[in-house]
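This report concerns only the one structure given below.
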Amino acid sequence: MSNEATLAKIRAILAKAEDPGVTPEESEAYFGKAAELMGKYGIERAMLAASDPTTDKVIQRTIVIEGSYASERRLLAGLIAKAVSVEPILSQMRKRGEKRFTYTVELYGFESDIERAEMLYASLSLQASNGLRATRPEWWESTTLATHRKAWLRGFTYTVVQRIKDAEARAKGEAEAVHGTSVALVLADRAAIAKRAADEANPSGVGEYKPRTRRTSAFEEGSAAGRRADIGAKRVGTRAGRSIAA
């Protein structure tokens, strides 16, 4: 199957998972299928580039995040990037006269990996938006709706990113059974190249953004949604930037 055919298949699966009309169980099933395809696709592109570097070059792209829950969405984008061997640089700025910050996530790495990161972020942003619209604090909880939703989104983020990492690890293990230790060496080299590109672009270094998180009921609810989400482990081609519900 060609690269475009594989990506088209993954996009189609993720589109089903993004549908707010599907059940949590259906979304989880779609996610699992897409994640496995995404992981295998990433390995295939990495091994191909190892033998022919012209097939996958190092690039930089930027995701701009504005609006509601932008800080939490930046965390989602940054951790997704790290999970697929892309190095993120996180920053923020506030335009004159505006109260809210605009956040950016600069992505450094190989084009196929950055495309995967963008695709995952776009899909998971939409899935998170669907979940945020539905979640409310319990009547007995002493919290605001905004605080509850922020905790929900963090729980969603940490859980869904772990699922991406697990899918990547499974794909790596399957590939090593065929190609041996060369797979690990190729992936380690790509990660080092991505890190070097980010360091050269930003010598001062921007630390990974990790807000302190209490495991509230909203966090646990978001975590459960993250376990059900379709992460489309290899869906490439859709640019990021969809909004999260206010």
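Along the chain as shown, the residues are counted starting at 1.
Even glycines carry a Cβ here, placed using N, Cα and C.
Here the structure is a predicted model, which means the values were calculated and not measured.
Feature list (source: TrEMBL):
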type   : residues : note
DOMAIN : 7-44     : domain 'DUF2786'
DOMAIN : 67-177   : domain 'DUF7168'
REGION : 199-246  : region 'Disordered'
Summarise the domain 'DUF2786' (7-44) as counts of helix, strand and coil residues per DSSP. 33 helix, 0 strand, 5 coil
Tell me the residue counts in helix, strand and coil for the domain 'DUF7168' (67-177), as DSSP assigns them. 71 helix, 16 strand, 24 coil
